[in-house]
Each structure stands twice: as C-alpha cells, then as structure tokens.
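Positions annotated as 4-aspartylphosphate by Swiss-Prot, on the basis of sequence analysis: ASP56. Taken from Swiss-Prot, the feature domain 'Sigma-54 factor interaction' applies to 186-415, supported by sequence analysis. For 214-221, 277-286, the entry in Swiss-Prot reads ATP binding site, with the evidence type sequence analysis. Annotation comment: Swiss-Prot describes 484-503 as DNA-binding region, evidence class sequence analysis.
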Amino acid sequence: MISTDSLARIALDLQLGISHQDRFHRLIQSVRSLLHSDASALLRYEGGQFIPLAIDGLMQDVLGRRFALADHPRMEAIARAGDVVRFPADSNLPDPYDGLIPDHDDFRVHACVGLPLFSDQTLIGALTIDGMNPTQFDGISDEELRLVGALAAAALSNALLLERLARQSSEPLAPSTQNGPGRAEMIGRSPAMDRLRHEINVVASSELNVLILGETGVGKELIAKAVHQGSPRASAPLVYLNCAALPESVAESELFGHVKGAFTGAIHNRAGKFELADKGTLFLDEIGELSLSLQAKLLRVLQYGDLQRIGDDTPLKVNVRILAATNRDLKQAVVEGQFRSDLYHRLSVFPIHAPALRERPDDIPLLAGYFCERCRVSLGLERLRIEPRALQLLGSYDWPGNVRELEHAIHRAAVLARAEQGSQAPALECHHFNLAAAGAPSSSRIPVEQVAQQMTAGMGLRTATDAFQLQLIEQTLAAQHGNWAATARALEMDGGNLHRLARRLGLKP
C-alpha cells in the first residue's frame, strides 16, 4: 500500500532537483525505495526505441544501451499496452535487464512492472520496476502504480518541453532530424561531450565551414553528421569522401568529375563529389592527405563557388558547405609547407575538437553498453553482458584507438565469449579483451602471434581471419598514430586496398 504522503514527498522532492537529470535520479531512487524494488529505470521513447535516462540498481552500462522495440518484445509490450503491465515470473518474453542487476548477474529478473508514460496521449517514455522475488509487487495495486507513473510522466514531459523550447529559441533543427534511428547519436554524459554538443549546436544552423580535429577513432564522421542534420541543409545530401583513400590519378575526377573522353577509360560523363553535394554538405575526411596541387583546386571552389569537370572548359556553379576532418596538426603542416595556409584558414572558420576517449573515461561504461547491445543484435544473442571486473578493465585502459577501438574490442570479446561459453547469453570477462595493463603504452599490447592463437579457438576460418586482420590493422594504425598512409606502408599494402579492407571489417565507414 502506497500512502498519499509518500507520493506527495516524491512530488516535492522532484521540485528540489537542480537539473532534469538530477530530478530523474531523484525520481527513480524514490520509486525504488517506495516500492522496495531491486532496480528501476526511467526511459525516453524516441525513434522506435527506449533510451535510458536514469537508472538505479542496474549496471552502469545500461545507460548506454538502446532498447529497440523490434528487438525487445517486453519493451514492445510496454509501449503498446497503454496501461500498467505486469509480467508473470514465467513470462516467455525475455527481460532486457536479465544479468544487469549487480550481485544478481547469474539470475533472471522475476518480478517486472512496466509503466508506459504519456503526454497528450503520445508515448514519451516508460518507467520499469524490477525485483528478484516473483511476488515482490503483488501488494501494490494498479491504481497506485498509475499514480507513480503520472509523476514520472509529468517530470519527463516537462523536461522534453523545455528541451524543445530551448532548441526552437536557438538552433532549430530540420523537422526530419528531430528523432529517428537515422539521426546521429553521440553517446556520453561527460563534460567533454557536453562541450562538444554545445559547439555543434552553435555552428550547425550557420553556413560556416567546419574543421573537425581529433585522433583516429574519436567519431569525426558522427560529428559531421550531427552538424549536417542540425543545419538548414539537412534535407539535402551529405556526401562523404575519404581523401586518404584517393590515388592521385583519380582524385581530381572524384572531386570535380569528368566528361566522356577526357582521359583513357572515361567512357561517360561523371559528376564529382562537389556536384553530388550541391545545395548540401560535403564531408572531406582526412583532408590533410590531399596533395598540394589538389589543395589549390579545392581552394578555388571554396573561393568562387565554381568548378570545371576534367575535359570541360565550362564552369559549373555549386553551392556546397564544407565539413573537413583530420587527425593531423594542420598548423604544423602549414609551417612545414605540406598544407596551404590560405586553404587552412578557409576550412578552419569554426574548428571543433573531438575529445579522445581517455579525456572522457566516465563515458566508457555507457559506450560499452551501447556496443554490447549492438553486438547482441548482430550476433543474434539472447543476452550479452559485461562482468563488473571487465568493465573496470575497460575503464582503466588508455584506448589509443579511441571509441572505434572500444567498439571492436567488445565485438571481438563477444565472439570469443560465445565460442568459449557456447551460450546464447555470454558474459564478457577480462580475458576476452586483448588489452595492455592499465596505463601501459599501446606498444605493450599482446603480440599478434598470441592474439591469433586466442582468436582462432572455436572459430571458423573466415571469422578467425577477419578477427586477426582487424587486430593487426588496429595495432599498426595505433603504432602509426592514426596515419592510414603510414599504416599501409607498414603493412606493405596498397592504400586503396587497405581502406577497402578496413571498410569491410567495420574499421571505417
């Protein structure tokens, strides 16, 4: 039985919160205490999935997981119910929190209540309440649970309203980019990520060129997508070009296009990336790898807004916003004569620094949870969790390859754990991760020979080969400080072939 005084105290306590996040934490802590549950979570509904906003009694990595309705029947049941949902202990719908309650990782959740949250008859989120005792919530009526849900819905609705008002008063997004699975989502709640989001919001609605600076694997393309999606050009194309993967012989054609007969093999007219991005955005990744001759031609397009296809003297007008990215120190490249100073100043009107993962270690559990859920879906697993000690190991590592290295480390660990444990609900343990000791330099990682021995156990030939190639490329890339051209030379590979292999293995977009 829930007393009116208890509900009133929750309502008053919510008013004391300094921020939305603080209020959310107060809410679920109060709910857990009031209902004597083992775990509770407040989730936002967006784009066909539930996104955790605040948790209590669950593993920290849950905050990074995304629960798509199509992949989680229990979450779908909550979304479609329209009222209190009580799942019986013997429900055949898998609980997404199984194995994610600390100190109960070997047990399945027994009692589960889901409260869909509505605002103006529109689903905006859910409150989930879980317990290890099958009869844990039998003494609480549906009406009492509805009152708890109403408090949660009011808190969430107010937060979403203020968020919309803030967005509309500053940098309105194109309607098609407000939500949905295709939008760019950056995982993390650290101060470094807050600063990054602020910089994106400041520049997105302008027409300024943006130079995204950061190490390999920090997510520079994701930042470019977020800038594009937040701009007035959001409904127009975002065209991607990796400058490091361009052989000099075809680079000009890729950028500016060519006409039939312009050179041997030009059997038809072909539009370049600038034409394809007309009225939209062109993202030039690894801009520092462009040759000086191409830099001069790129500068002309930025200055005058026109270009010429190879073999055609007729100028073409284009209206393109440039987003460029690099892991190089372009200022130093200018000093050394490897990059044009006038082009640098054209591109760096608004520089954005993408933080390295070691600059935001508090985000590692969230990212680990996010990648775990993606791996679970891609591998067709019932559940996938990370042991607490393994999560601590991930948090203590310096991640020279940044977020991309973390993503692939988790994917490899999931493959290894599944093969080793022969289970549809594997747990990732410390020995599944090929990481150096905490704080050790990246060169002290496990030798490739040892990695190969570990990875081939229980794997098919294709899986083992891919895993070995992935690890070898990652280690070489880290040793070459993220320079793909140097990595290709170290591996004695053609640069284009390396980029194609990296894309197939998921190392590059």
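Each Cβ is built from the backbone N, Cα and C atoms, and glycine gets one as well.
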Segment-level pLDDT (mean, integer) for the domain 'Sigma-54 factor interaction' (186-415): 92
Residues near ASP278 (ATP binding site) in space but at least six apart in sequence (CB under 8 A): VAL318, ASN319, VAL320
Helix, strand or coil at THR281 (ATP binding site) [DSSP, three-state]: strand
Integer Cα-Cα distance in angstrom, GLY214 (ATP binding site) to the residue listed as '4-aspartylphosphate': 34
Candidate with sparsest Cβ neighbourhood (10 Å radius) among GLY214, GLY217, the listed binding-site residues: GLY214
Distance [Cα-Cα, Å, rounded] between LEU284 (ATP binding site) and ASP56 (4-aspartylphosphate): 42
Counts of helix, strand and coil residues, the DNA-binding region (484-503), according to DSSP: 16 helix, 0 strand, 4 coil
Intrachain C-beta neighbours of LYS220 (ATP binding site), sequence separation six or more, cut-off 8 angstroms: ILE212, GLY214, ASP285, ALA325, ALA354
Sequence-distant neighbours of THR281 (ATP binding site) in its chain (C-beta under 8 A, six or more apart): ALA224, VAL227, HIS228, SER231, ARG233, ALA236, PRO237, LEU238, VAL239, VAL320, ARG321, ILE322, LEU323
Residue among the recorded positions ASP56, LEU284 whose Cβ has the most other Cβ atoms within 10 Å: LEU284
